[in-house]
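Structure first, commentary second.
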Amino acid sequence: MKEEVKGIPVRVALRCRPLVSKEIKEGCQTCLSFVPGEPQVVVGNDKSFTYDFVFDPSTEQEEVFNTAVAPLIKGVFKGYNATVLAYGQTGSGKTYSMGGAYTAEQEHDSAIGVIPRVIQLLFKEINKKSDFEFTLKVSYLEIYNEEILDLLCSSREKATQINIREDPKEGIKIVGLTEKTVLVASDTVSCLEQGNNSRTVASTAMNSQSSRSHAIFTISIEQRKKNDKNSSFRSKLHLVDLAGSERQKKTKAEGDRLREGININRGLLCLGNVISALGDDKKGNFVPYRDSKLTRLLQDSLGGNSHTLMIACVSPADSNLEETLNTLRYADRARKIKNKPIINIDPQAAELNHLKQQVQQLQILLLQAHGGTLPGDINVEPSENLQSLMEKNQSLVEENEKLSRGLSEAAGQTAQMLERIILTEQANEKMNAKLEELRRHAACKVDLQKLVETLEDQELKENIEIICNLQQVIAQLSDEAAACMTATIDTAGEADTQVQSSPDTSRSSDVFSTQHALRQAQMSKELIELNKALALKEALAKKMTQNDNQLQPIQFQYQDNIKNLESEVLSLQREKEELVLELQTAKKDANQAKLSERRRKRLQELEGQIADLKKKLQEQSKLLKLKESTEHTVSKLNQEIRMMKNQRVQLMRQMKEDAEKFRQWKQQKDKEVIQLKERDRKRQYELLKLERNFQKQSNVLRRKTEEAAAANKRLKDALQKQKEVAEKRKETQSRGMESTAARMKNWLGNEIEVMVSTEEAKRHLNGLLEERKILAQDVAQLKEKRESGENPPLKLRRRTFSYDEIHGQDSGAEDSIAKQIESLETELELRSAQIADLQQKLLDAESEDRPKQRWESIATILEAKCAIKYLVGELVSSKILVSKLESSLNQSKASCIDVQKMLFEEQNHFAKIETELKEELVKVEQQHQEKVLYLLSQLQQSQMTEKQLEESVSEKEQQLLSTLKCQEEELRKMQEVCEQNQQLLQENSAIKQKLTLLQVASKQKPHLTRNIFQSPDSSFEYIPPKPKPCRIKEKCLEQSFAVEGLQYYSEPSVAEQDNEDSDDHADEEWIPTKLVKVSKKSIQGCSCKGWCGNKQCGCRKQKSDCNVSCSCDPTKCRNRHQNQDNSDAIELNQDSENSFKLEDPTEVTSGLSFFHPICATPSSKILKEMCDADQVQLKQPVFVSSSDHPELKSIASESQENKAIGKKKKRALASNTSFFSGCSPIQEESH
């Protein structure tokens, strides 16, 4: 018996989660508002929805469970089925609400979801009912990509055995699903935890732990009274955690994730269609439960025998407003569903009758499934053109098959021949090895013919004759081996050309056999090329081995020479070290000067001998390295030969395997052909039978056709009358058709424009959401920088700041960051207001009744025709445009395929050229080895001639050495005299410097040897010197160069200013003298004509400043310091520190100075005159005699010239009030 109750609606609970951190960072705002004390939620400004329960973001899990779910559990113990369904967008909190990620460790956690709380409540109620016996069974499944997977089964293979069956009395059953009997709550929790671990979860852009499947946790409860065994109740509790609906542009899913999302949305769409059908009475009784497996499993829960609660989970963020609105509408439609739950009573007799009825129904279904008819074939005769093309095609196919057969046979024969060649090569290698052993035994060649003549023993003579014959046989065998090697190379080349010249076969009907033949031909070609390359490599290796054997004696000889040379070098090195030590000791002792000179000469001789020996040693080592490189090349060639042989063996094995597979395939195909022929015979028999039946039916149809013709004639007359009436009606309707068409066209155009503008608004809304997300990220970054104390970036979005704001003090930086944050937050609020306004307009435009109102405006068939005509015209134009685009796309694809074919051909051509180049390279290497062998033989001959020359030259060298020693002794004596002369010159220059310093200290005019500064690139100028009485012209033997002489003329003394008139008188007696050109080695400083601004200047290139020794123009020079004169004066004081100290005339000390200098900068004219005077001084040469006292003579000869230079300087300084006018100006510090 079943006790029926009234239909009750599906209860709906709305739960809203709080904003997550990602949404807060993106600047999302809340788009939902809740009415206090009422189960009502408002979207935007005026869009409201009412449900059974509404839970705002602050509601806890326990309140949700006690308010909405707990009443269902009490009905379960009364025999009612119950379902708790969680639906919503991905990331809206469904799994959190249901407790899909629950573990045993979270038992006392307040945030546990619905499923663990249901388990606790169930066992709590069971413990209270002691007069009932309970049997609880648990099952857990998931629907992943429209496949049912058992989460309690360890192996996923059982998933193929799970099927859905429908029982008219008990409802939906799942056959093959694992059900576990549980006794306590911990067993149930362990089953839940096991299923949660097996459930498919993945990460998307919206949720890091997104459920990728629909999960259903079912608890089956059977309760019996202990006193009455016949009365029992059965009930099921389904706890459903649906996967969230998602959009690909937000989740950014790809690959498997995208496929999963498509299947999830498909299942939810079918569920929505079922909910719409159940909630709308106008659509009739048909409900599309069979569109997906999810709706079939929930068939009892929606509109069936169950108390159902739907928990709609939504996100409050305005970026998810569209999905939130869809969820709210979805839940609102679910409230209209009416379920009819009943108490499930299960007596045994009712169960038996039910099973019998089920068997009968299944038998009927089975009989119906075996019935059916075969459709008749339609024979169409081909045209003559088609027939000729088919015949031509058949002939080409037969020819192709014949050619492919011949190609496969030729490939097989080639493979066999190549295998034989490989075997003969292996035998040949063994014979060559034995032949090599015989050659080694025959290495010591003896003139056996003479030995036979001298021997007397007859038996010994016979043995020696046999040995002679064997030697002749060995020589013949070696010649034959060389000929065979060349023959194999030639045959490999011929076979290669044969394979290459084979014609390309077209595609035959039997694709597999053609591919097999082509593969065999390709592998045969590769094998031939491999044999050819192997033969070339072996010949090259053999040639290089012969060269190595010939190099062996040369190597031993060179090794001995290297040892001898190294010993000689060591002995000479020791002798050199001893001489160096003796020279060092001799320097300390002045009496051993001659002996040290001999030792120094001997040291130079030893160094020359050591250099010659090292050179010879290096040449010998080069030849040894050549031997090592050839050995390395030979080993590398042998390794390549081994690899090529292995490759050849693998290729042969592959060819055999391919042939075996082809043989098996051919055998199987022959067997299938026999079976098909047998079936064809049976079909021919059935066809004859059907033809007889068809003949009988055609006779019956002929009679019926005649009857139908008579009825047709009567019908024609009736239709003619109806046509006349229709034409009259059409004339009346055509008048109003034109106005209707125009009206429908305008209306459809307006509707399409509204839909297009709605889509554009959605696009603008997405753009605003992205902009707000970027602004929120900028605000978060600025706040982090403000907390960390960093300066703001140089460039910020939507605002620019001045240089002072960016690089100001810390307080200014903090103010700028605060202003930027304030500005961005203002823009963020503006974007949020724009988003809310757009969303509200979209809500108004996309009302739920809009599609219904749109089609209800078409009331008559005439309006529908006009609308369809307009839409068809638009569709045709769009189709034409699509076809044009497709044709252009196909053309581009065809051109791309042609380009790919050309590329493939070019690649093949390149590979062919590469193989030819490798062969040429091997041949060139052979020629190189032959040349090396020839050069080595020439080298031996040249060494022999060198030894003979060395023996003849050794006697002449001894005579030359004796004369060389005598000359060395004379040179040592001369060197000692030069050293003494140098010491005297140094003492003379030191005395000269002291003399000039004394003259300066006594305020007399210094008489120094003037230095010659002649620029290397300046022209030689002849300046006539002053006349000197009784001047003796002497040959210049030595040129002196002193920088100190210029430093004394930089600042004239007060006494020189007083004697200005006398100097002017002396200048009139000036006599020209001939200049002497100075060598470039004695010149210091640069001689630039320009600004000294780049590295062409010698001073700047050496990273030094230009000074007075430079011949550049000081007015143009940019490489001089302003305080050059002061630094020169300081250096002069430091040089004369040992004798006395000169005071700086520019230094002014309060109370000590005898006058106060006037601060005045020199004019450009004065500077130019002084620079000209300095240049004249630099360019005038001097003659230095080599008498007993050359320094004193030079001072006397230059006294007249020094007066002329001093006169020009005094004239320049007299024009100003201070002698500071000739110096560089010094910047005064502001006090």
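Heads up, the Cβ atoms here are built off N, Cα and C, so glycines get one too.
Pulled from Swiss-Prot:
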| type | residues | note |
| --- | --- | --- |
| BINDING | Gly88, Gln89, Thr90, Gly91, Ser92, Gly93, Lys94, Thr95 | ATP binding site |
| COILED | 351-1000 | coiled coil |
| DOMAIN | 9-337 | domain 'Kinesin motor' |
| MOD_RES | Ser395 | phosphoserine |
| MOD_RES | Ser802 | phosphoserine |
| MOD_RES | Ser811 | phosphoserine |
| MOD_RES | Ser816 | phosphoserine |
| MOD_RES | Ser1224 | phosphoserine |
| MOD_RES | Ser1230 | phosphoserine |
| REGION | 1001-1231 | region 'Globular' |
| REGION | 1189-1212 | region 'Disordered' |
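Cβ neighbours of Ser92 (ATP binding site) (same chain, under 8 Å, six or more residues apart in sequence): Arg17, Gly244, Cys313, Val314, Ser315, Thr327. Listed in sequence order, Gly244, Ser245, Glu246, Cys313, Val314, Ser315, Asn320, Glu323, Thr324, Thr327 are the same-chain residues at least 6 apart in sequence whose CB falls under 8 Å from the CB of Gln89 (ATP binding site). DSSP assigns Ser395 (phosphoserine) to a helix. Gln89 (ATP binding site) carries a strand DSSP state (E or B). The C-beta environment of Lys94 (ATP binding site), restricted to residues of the same chain at least 6 apart in sequence and closer than 8 Å, consists of Ala86, Tyr87, Gly88, Gly100, Ser211, Asp241, Leu242, Gly244, Ile311, Cys313. With respect to their backbone Cα atoms, Ser816 (phosphoserine) and Thr90 (ATP binding site) stand 40 Å from each other. Residues near Thr95 (ATP binding site) in space but far in sequence (CB under 8 A, at least 6 apart, same chain), listed by position: Ala86, Ala101, Gly113, Gln209, Ser211, Asp241. Sparsest Cβ environment among the binding-site residues Gly88, Gly91, Gly93 (other Cβ atoms counted within 10 Å): Gly93. For the pair Ser395 (phosphoserine) and Thr90 (ATP binding site), the C-alpha distance works out to 63 angstrom. The candidate set comprises the recorded positions Thr90, Ser395, Ser816. Of these, Thr90 has the most other Cβ atoms within 10 Å. The DSSP secondary structure for Thr95 (ATP binding site) is helix.
Classification of Ser816 (phosphoserine) by DSSP places it within a helix.
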